[in-house]
Amino acid sequence: MLILGIESSCDDTAVALVDCSPEGCFVVRESAVSQIDLHKKYGGVVPELAGRAHAEKIVPLIEEVLKNQPRPDVIAVTAGPGLITGLIVGVEAARTLSMVWNVPIVAVNHIWGHSHSVEIQTDRDPDFHRDDNTVTTIEYPALALIVSGGHTELILMNSANEYKKIGATRDDAAGECFDKVAKLLELEYPGGPKISELAKTGRTDAIDFPRPMLKDDNLEFSFSGLKTAALYWLRDNKLAGTVIASDRRERGNLWPTVMGLLRSFTPRNDKPSVNDFCASFEQAIVDVLVGKTLKAAKLYNPKTIILGGGVAANEKLRETLAHESQSIGHELLIPNLKYCMDNAAMIAVAGYYQAQKKEFTDWRILNADPNWEIE
Ligand code: KG4
Ligand code: ZN
């Protein structure tokens, strides 16, 4: 089954043609445009700008991916959750193609996509190979921890197209917390990768940040208190954070300068450096994510644990969760780095499983739903 995947729920416009069969899902061709450069001067995604940029790119990307390719059997499009300004662009493109080609549409939940991103295979793509060259199969029931800028959710999958939300954040998503605290340090958006880069040379026990809700007897998350704790710490401690702020104001310079300063910065009196701050903060987030996932694994005893979403690119999280999962007898599946981020191949794969059950939505009634929650 040849599936055209379309993703435009946040700040990536992505299109992929994926060939799925019981042997696996292979990317035939894919193309994407990131809007990070557009949004970074605002410190976050600006919905109006995002919508316009998606609208500019969607048709050229579809043309590029489908050039000299046969017409797909199914169109899989992210219908929610996400920014309405972005979602409608992908959904309207899918509706138009469905009407013109008479090809059915599967409306895909963005979180379903992240949950299936470990299955994307690229062996037929000469430019890209899986790190380990293995075929990844999810065994059910599976437990997925999906962590990104917009989501922190624990999903239980009883089969490839049955999803149940068993835990979620009550306020900020983990990636959002990374990005907001990075903003306090005047690091460029998205700040998660920059914090984790700085954290590599820091002390994880330098600052005792809270681990919100870790000890609570539930699978809920909350990260706004951790963000506030980071804010208060920076307010009360005049360390490298202040150096960054004044330097940024004086020179209007961005990441390269910050990196230069941090490398040359030597903490006095053994007080925490920015690197220590980042390492301690990252450790607090990782402890909570891993702790809650293990709690869920003990409760539901899944055959596979999956990590997905942009924050799954975080090395400390990947390593810690892999190690801890193994210690309680569970294998962890992690997508290739490229497919941790938003992409259209994962939407096509999730769409494949819905299409097998003929879960199609007529183009006449398909709608984008920015608040589409998994129940
Ligand atoms: O899934 P994604 O591409 O888009 C959303 O659906 O949000 O995730 C982007 C998020 C951002 O918050 C970014 O800071 C975070 O993933 N992120 C990271 C890392 N790489 C990306 N957070 C922590 N460490 C990283 N290495
Ligand atoms: Zn995402």
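Glycine residues also receive a Cβ, built from the backbone N, Cα and C atoms like all the rest.
Those TrEMBL annotations? Automatic predictions, nothing curated.
Binding site for Fe cation per TrEMBL: HIS110, HIS114, plus ASP342 from the candidate set ASP287, ASP342. The substrate site recorded in TrEMBL includes ILE146, VAL147, SER148, GLY149, GLY150, GLY192, ASN314, and the single candidate from ASP179, ASP205 that the record places there is ASP179. The two recorded residues, SER148 (substrate binding site) and ASP342 (Fe cation binding site), show a Cα separation of 9 Å. Taking the C-alpha positions, the distance from GLY150 (substrate binding site) to HIS110 (Fe cation binding site) comes to 11 Å.
Taking the Cα of ILE146 (substrate binding site) as the reference point, the closest of the binding-site residues HIS110, HIS114, ASP342 is HIS114. Per-residue pLDDT, averaged across the domain 'Gcp-like' (27-348), gives 89.
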